[in-house]
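Notes to accompany the following structure.
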Amino acid sequence: MSFDLSARLAVRRADNLYRQRPLLESPQGPQVVVDGQPLLAFCNNDYLGLANHPLVIEAWQAGASRWGVGGGASHLVIGHSTPHHALEEALAEFTGRPRALLFSNGYMANLGAVTALVGPGDTVLEDRLNHASLLDAGLLSGARFNRYLHNDATSLAKRLEKACGNTLVVTDGVFSMDGDLADLPALAREARAKGAWLMVDDAHGFGPLGAKGGGIVEHFGLSAQDVPVLVGTLGKAFGTSGAFVAGSEELIESLIQFARPYIYTTSQPPALACATLKSLELLRTEHWRREHLNTLVGQFRRGAEQIGLQLMDSFTPIQPIMIGDSGRAVRLSQMLRERGLLVTAIRPPTVPAGSARLRVTLSAAHTEAQVQLLLNALDDCWRTMEFDHA
Ligand SMILES: *Cc1c(COP(=O)(O)O)cnc(C)c1O
C-alpha cells in the first residue's frame, strides 16, 4: 500500500480549495513583482510599512556586522545574546509588563505559552475563530479543550461554569480573517470572576491599535490583571520576524522552564533583534503611520459601501469583502489580478465553509490614490461578476 496523495490533491482542486504560492520577486510593499508581473498589492500584514524601511534595514546590517548572522544555539545554552535581551526589556517596557520573552515566531509563542500553562486535568477555552496556532496549541496541551461562540462572553461564561483545573481563556485580539476586535472587557470580566486566566494573541493589534501602538489592551485600557498573558508577533506591523509573550516575572520564568517551543530551538539571529528594536522605536514614535492608515481604512470602507460590497464589522486595516462561494471569490481575485491588483481570496478551511472572502489589507505605505485604484477596479469587476451571474 502507498499513500494516495494524488487523489487527495484532486479533491482539493475540484473543491476550488487548491492553494498555490505566488512568487514574490521584489521586496514587500504596495508595489510588488509577482510571478513576473508588476502588481499593486493589498494583502500583506506590513500595516505600518516597516518591512522595507531604510532605518530598519540599516539596523539589521549594523547588527549583522556587530553580532554575526546566526543565533548559534538555543537561549538556554549559549544563544541568548545582548540584542535579544535588550529587545525583551524594550518589549516589557512597551507593554507595561514586568517581563517579555522572545520566541522565533508567533506560532511557536502560542504553542509554547498554552502548553506550558495547561495540561491534562486543566481546561482551555477558545474563541471559535481563533488563529490556527492557538487552536493547535489548545489541542496539543492535552487540557480539556472547548470553543465558545465567536466573541460571545455569555457563551464563554457557560463553559467557565463547567471548567476544571487551571483554566485558560484564549482569544485573538484582532481576528485575523475578519478584522473585528475581541470584546476584551467582557471576556476579561468573565475570566476574572471565575479565577481563569485570559491570554490574548494581539498579532494584528500591535502597531495599528492604541494611541501609542500598544494594541487592543491599550485600546481598551485594560490592566495586566485583566490580561495576564499577552502575545505579540513581530512579522506584522513590526515588519520583521519573531514573537513575544509579555507578563509577570513568574509567567516568564515558567515559560523559560516549561515552554518546549522556546527551549528546543535555536535563538533568532541577533541582528534580527537589532532590526526589531529599531522598528519598535518607529512604531511607537511615528504616529503619522497610524493616522494615515486610519484615513485609508475610512476611505476604503466608504468607497466599498458605495459599490455595494459586503464589508465586515472592522475598523482595523483588515477589511475583508465577504463573497461566500469559494469559486466566486477566486474569480474576483483573478479579475483584479488581470487589472494589475493583488488581493488574496481566503477560502475554507482557513475560514468557515461558505464564507470565502477577499481579504483586503491596508498599510501606511499605501497612498490614497492607490486605494482609489483598488476601489475603481473593484467597482468594475463587481459589475462584471453580477452581470455574469444574471
Ligand atoms: C500571523 C499570526 C500568528 C503567527 O505568527 P507568526 O509569527 O507568523 O508565526 C499567530 N497568531 C495570529 C493571530 C496571527 O495572525
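Glycine residues also receive a Cβ, built from the backbone N, Cα and C atoms like all the rest.
What TrEMBL annotates here:
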{"type": "BINDING", "residues": "ARG19, HIS131, THR350", "note": "substrate binding site"}
{"type": "DOMAIN", "residues": "39-378", "note": "domain 'Aminotransferase class I/classII large'"}
{"type": "BINDING", "residues": "GLY106, TYR107, SER176, HIS204, THR233", "note": "pyridoxal 5'-phosphate binding site"}
{"type": "MOD_RES", "residues": "LYS236", "note": "N6-(pyridoxal phosphate)lysine"}
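When secondary structure is read from DSSP and collapsed to three states, GLY106 (pyridoxal 5'-phosphate binding site) falls in the helix class. The residues near the pyridoxal 5'-phosphate site, meaning same-chain residues not in GLY106, TYR107, SER176, HIS204, THR233 whose C-beta sits within 8 angstroms of the mean position of the site's C-beta atoms, are ASN110, HIS131, SER133, ASP201, ALA203, GLY235, LYS236, ALA243, in sequence order. Look at THR233 (pyridoxal 5'-phosphate binding site): DSSP puts it in a strand. Ligand 1 lies within reach of TYR107, HIS131, SER176, THR233 from the binding-site residues ARG19, TYR107, HIS131, SER176, THR233, judged by a C-beta closer than 6 angstroms to any of its atoms. Checking each of the recorded positions (TYR107, HIS204, THR233, LYS236) against HIS131 (substrate binding site), the C-alpha distance stays within 10 Å for TYR107.
A separation of roughly 18 Å, to the nearest angstrom, links the Cα atoms of the residue listed as 'N6-(pyridoxal phosphate)lysine' and THR350 (substrate binding site). Secondary structure at SER176 (pyridoxal 5'-phosphate binding site), as computed by DSSP, is coil. In this structure the C-alpha atoms belonging to HIS204 (pyridoxal 5'-phosphate binding site) and ARG19 (substrate binding site) are separated by 23 Å. A separation of roughly 17 Å, to the nearest angstrom, links the Cα atoms of GLY106 (pyridoxal 5'-phosphate binding site) and THR350 (substrate binding site). Take the CB of LYS236 (N6-(pyridoxal phosphate)lysine) and look out to 10 A: across all protein chains shown you find 29 other CB atoms. Remark: TYR107 (pyridoxal 5'-phosphate binding site) has SER133, ASP136 as non-local neighbours, by Cβ distance under 8 Å and separation of at least 6 in sequence. A gap of 19 Å separates the Cα atoms of THR233 (pyridoxal 5'-phosphate binding site) and THR350 (substrate binding site). For SER176 (pyridoxal 5'-phosphate binding site), the same-chain residues 6+ apart in sequence whose C-beta sits under 8 angstroms from its C-beta are HIS131, ALA203, HIS204, ILE318.
Residues belonging to the domain 'Aminotransferase class I/classII large' (39-378) score a mean pLDDT of 97 in the model.
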